[in-house]
Amino acid sequence: MHTDKIESKPVRGSIFPPNVDQGVYLAATDISYQITNGVFEQSTARILSGIKFFAEPKTLTGILGPSGSGKTSLLNILSGRLSSTGNKLVGGSIYLNGKKVTSRDLKSRCSYVMQNEMTIPYLTIEETLLYSAELRLPFLSAKERREKVRILLNDLGLVHCMHSIVGDDKVRSISGGERKRVILGTELISDPQILFIDEPTSGLDAFMAFQILQLLIKLAKTGRTIICSIHQPRTQVFQAFDEILLLSKGEVIYQGPSKSSVDYFSLIGYPVPENYNPTDYYLDLLVPRSNVEKFADNRLHSITYEQLRVLPELYLSSEYYDRVIKKIDEHLSRQYSPIPELLLFSRTSHTCFGWIRKKLFAFSVIVKRSFMNNARNTLGSLVIGVLINAFIAVVIGSIFFNLPSFTSDVGASFKNATNIVGALFFSVMVATFGAMIALESFTRFRIIFSRERAKGLYGPATYMLGKHVGDFFFEIIPIMVFSHIFYFMSNTNSVSYPEWNTLSQYLCYQLTILLTSWASYGLVYFICGITKSLELAYGIAPLIIIFFVIVSGFYVTVNKLPSWVSWIKYISFQRYSFSALVVNAFPPNKTWGPIQTDALLKQLSIDQTSFLLNAVVLVVLGIIYRIFACIAFALFFRNLGLE
């Protein structure tokens with residue numbers, strides 16, 4: 001699997017076209033957001049209160065405020081990513097070009113860049129943008145998508161490093177500024193007219209931060225509406241914004257031209273000291289202190305909690321608030337032409353054929369990028385897994401080495417049969433725990449799923465199926481190495497029965513281990529779907545496996561289980577794996593030396609003596625686990641990584 005390479009050659013077109021005639025005007029009225037916590041004694045935390053906001057084309061607007069002021073929450077609401085659900089209540093109205101819009105309308109016309117946007121680490125910059133183009137522009141031809149990516153690489157200044165992998169916090173490759181531009185490029189590929197960016201300069205040095213702001217200014221001047229949240233910009237970065245909105249505890253302190261903010265704060269009695277960064281002053285000012293706390297710099301003002309409560313009222317009585325109200329009123333009374341949707345949400349996608357095409361493109365992208373990421377990370381995804389499984393096979397195989405078959409003595413034969421059953425059970429356990437390694441990677445990459453799902457790129461089922469297909473080869477090879485080595489070292493199927501030859505037994509053994517791994521990975525997906533952290537996943541996984549193992553029939557025969565726990569045997573894949581392996585080694589209605597295999601199966605309480613039926617149940621359980629995983633992802637990870 002590969003992506004088409006883009007040649008470094010002169011390009012036509014640009015992401016910086018001439019100014020558009022209209023652009024997108026955004027207005028918001030009475031935006032509020034509160035969270036209710038507790039069950040018996042409920043408490044309400046108010047995050048945003050009655051905010052009125054306006055942004056227009058050809059402007060770069062910054063949302064500033066101390067930590068916890070509500071910057072990211074406001075950005076998420078304005079972009080349609082945060083709406084009322086459960087204990088979260090969002091109020092107010094949002095308008096695009098005078099028309100009141102829903103969350104779906106906002107998603108279909110806006111793009112959003114997260115502060116800590118996660119990428120597939122072993123993809124190159126070129127591949128990252130190409131796959132983004134395939135996800136977002138499925139209705140364009142491959143040639144058109146490649147041309148768009150070529151233009152992006154050129155305009156974002158990434159041509160020189162287009163074949164470098166993107167990397168992440170663990171895999172170092174390109175610089176922070178280059179990575180920011182790559183992430184920005186994945187959103188610009190769909191040519192949005194309104195762009196939301198959370199903390200575009202975080203983690204960058206002064207030079208890189210200014211470079212990113214220069215790029216955003218250039219984008220804004222083409223007619224786009226760009227809105228950023230930013231924590232504590234340097235003076236040079238602050239001066240790059242056309243408009244700013246200053247928040248404190250969810251209320252507006254100031255909204256207007258960035259250059260006028262100094263005059264405003266002087267007017268209300270808080271002048272910015274000479275040669276001092278205005279944003280540093282504002283953010284220090286908006287953190288209240290007690291009367292005894294003072295700044296070391298005497299030029300700075302300490303503000304008490306009582307004084308801070310007055311600042312929103314001063315803004316509401318200012319000309320800058322009147323300016324925002326006037327702009328909103330003018331905006332709502334004007335007539336605009338319709339706003340074009342992003343190509344992903346074009347009318348073509350609403351047809352049956354368009355819906356299928358979009359799903360297939362998303363599936364193919366998830367498969368290709370998962371496979372490519374694993375293929376480049378062979379040390380982490382394959383080599384280590386193969387070596388560990390080979391080591392385990394040799395160690396356990398040496399313990400169960402060349403297990404003896406039956407003898408003429410019934411007691412000794414039963415003892416030998418018990419040893420073989422124990423070896424088969426260990427095969428099941430290794431295949432089960434071999435899938436647990438996926439907890440870490442799947443937990444990390446589900447953030448990518450949550451964010452791309454929030455952008456309307458695909459749903460849980462598409463992601464689950466594509467991720468499984470892309471990872472399948474790298475999941476089965478290690479466990480197949482184990483099962484092959486252990487099978488021949490332990491000699492668990494040393495006796496051939498009529499019409500049941502050694503090759504058949506070997507293939508059935510390998511198939512059972514493969515299906516056990518299939519079901520185990522399905523369970524891992526489900527566990528990742530019901531846990532919100534890797535630590536919790538690692539805690540819950542052994543607990544579920546212990547219950548499944550207890551009812552598998554090895555430690556306690558299933559007919560001896562108490563009624564309150566016996567129902568688990570029907571959903572325990574280890575039970576069917578264990579039964580399939582034992583039935584394969586000791587087929588019913590046969591003799592194993594002096595032992596009747598039916599008697600042995602009865603002693604182990606293996607009531608399902610059909611190998612084929614056990615295998616089919618393993619397939620079905622793997623599917624059921626994945627269905628429930630999809631449901632869990634749909635319900636529990638709607639906002640993962642979006643906060």
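Heads up, the Cβ atoms here are built off N, Cα and C, so glycines get one too.
TrEMBL has this to say about the protein:
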| type | residues | note |
| --- | --- | --- |
| DOMAIN | 26-274 | domain 'ABC transporter' |
| TRANSMEM | 378-400 | transmembrane segment |
| TRANSMEM | 420-439 | transmembrane segment |
| TRANSMEM | 472-489 | transmembrane segment |
| TRANSMEM | 509-529 | transmembrane segment |
| TRANSMEM | 536-556 | transmembrane segment |
| TRANSMEM | 611-637 | transmembrane segment |
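For the domain 'ABC transporter' (26-274), the predicted model reports an average pLDDT of 89.
Scored on C-beta pairs under 8 angstroms, the neighbour of the transmembrane segment (472-489) with the top count among 378-400, 420-439, 536-556 is 378-400. Contacts between the transmembrane segment (536-556) and the transmembrane segment (420-439): present, as 3 or more C-beta pairs lie under 8 angstroms, all at sequence separation of six or more. Residues 419, 422-423, 426, 430, 434, 437, 474, 477-479, 481-486, 489-490, 492 of the same chain lie 6+ residues outside the transmembrane segment (378-400) yet bring a C-beta within less than 8 angstroms of a C-beta in it. Same-chain residues lying 6+ beyond the ends of the transmembrane segment (611-637) with a Cβ under 8 Å from its Cβ atoms: 446, 449-450, 459-461, 463-464, 468, 508, 511-512, 515-516, 518-519, 521-523, 525-526, 528-530, 532, 571, 573, 576-577, 579-580, 583-584, 587.
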